Amino acid sequence: MDYMNKSLLNSVGLSYGELSLKGKNRGQFEKMLKNKINKALSGYEFKLNDDLSKLYVDIKSEDMEKVIEKLKKVFGIVGLNPSVKVDRNDEIIKEKVLEIVNFAYENGARTFKVAVNRSNKGFEKKSMDYAKELGAHILVNSPFEQVKMKEPDIQINVDIRKNVYIYTEKIKTYGGLPIGSTGKGLVLLSGGIDSPVASFLMAKRGMRINFVTFHSFPFTSKQALEKIKELTEILSIYTGKSRLYAVNILKIQEAINTKTKKELATILTRRAMMRLAEKLANSMQYQALITGESLGQVASQTLGGLTCTNASVEKLPVFRPLIGADKTEIIEIAKEIGTYEKSIEPHEDSCVIFAPKHPVTNPKLEDVLNEEKRIENYDELLEEVFSEKEYFNIG
Ligand code: ATP
Ligand code: MG
């Protein structure tokens, strides 16, 4: 329970743990982060206030809740402190602190603690001394009777910089790194639960993301593609603007079905998707492929299946951020980021339509390669399908 009087809040402090470890890159990361914040908050009246190496976003109190929701989704920020910004003046600080604690008391808080952080050594009082002084001031001038060092009902943090920021709440956010700071990755996005979560995780790790989806129109419907577009729309809250490529692989699936063993169809299709995705990534200087695969989840994701899929990629690294995650863990993240409800809407899946009744559960690469050789002019067929791709700009 936070007892802060929301109408007093006029600034949000940002902490960014991992970025501060980056030494001389710090400046560059900060610049990126500021850029992202400016984008995320466009439409709001705000001022990015770099106060002695801590970023504060000064805003109107009525925008606080919405601005916090936006800032929560900016990767690179680990925590937010909704704050009351005041001038660096002892009397003003004391007055504001009393206002804050009186409101908290009225709302049920009975124990408190004061913590002072003094980055500005120009402020004449030392942190510990000033914390005691403020504590005494509260005990004398407010109904509070009890200081409690461990788990008080309300902790008054006073951050002394050029200005002074008083806050009681620390909101934990995703962390990660600013988008674009670690490279560019192409996600193979299906309509399921997993690949949107994989997208989120790699975006959180600072990757700029584009998407590719494979369909078998007219065997899969236009609505199935619409669903994928809607998923990328939801993801764009985190990824920013992106592009969704759609490739119709029906011709490839027909070739696989007529020329190769039924029970290898899924793995051969998956290999084709990877080859097309690598082609696409190369054509736009994307440096990695990303999938929602998780070890052992289905027949094509056994170690044998993954070996066969993986071997179809020539050079790019394939990132599988969910490889060690259980379905329940994946679902938890999907719910948290808002993709779950969309993912579970029914849709036809281009793999499922041609899926064999009895897929090989642990295919051997050698067998798969031999089967694949039966498709004549396979490279040309892939090239043809690739050239017919469409794309949609999202976000
Ligand atoms: P998801 O929940 O992401 O659909 P899944 O558990 O259904 O995954 P599979 O269908 O085996 O697993 O797919 C594994 C991965 O292959 C997906 O996470 C995705 O990255 C990629 N993939 C599968 N089908 C498609 C498709 N039609 N278009 C693009 N990528 C796909
Ligand atoms: Mg799927």
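Placed from the backbone N, Cα and C atoms, the Cβ positions cover glycine too.
Since this is a predicted model, take the numbers as computed values, not measurements.
Residue counts for the domain 'THUMP' (65-170) by DSSP state, with H, G and I taken as helix and E and B as strand, are 40 helix, 31 strand, 35 coil. Positions annotated as domain 'THUMP' by TrEMBL: 65-170.
Marked as ATP binding site by TrEMBL: Leu188, Leu189, Thr213, Phe214, Arg270, Gly292, Gln301. Note on Phe214 (ATP binding site): other Cβ atoms within 10 Å of its Cβ, all shown chains, come to 28.
A simple way to gauge crowding: the CB of Leu189 (ATP binding site) has 27 other CB atoms within 10 angstroms, across all the protein chains here. Taken residue by residue with DSSP, Leu188 (ATP binding site) is part of a strand.
Its Cβ placed at the centre, Thr213 (ATP binding site) has 24 other Cβ atoms within 10 Å. According to DSSP, Gly292 (ATP binding site) is assigned to coil rather than to any helix or strand.
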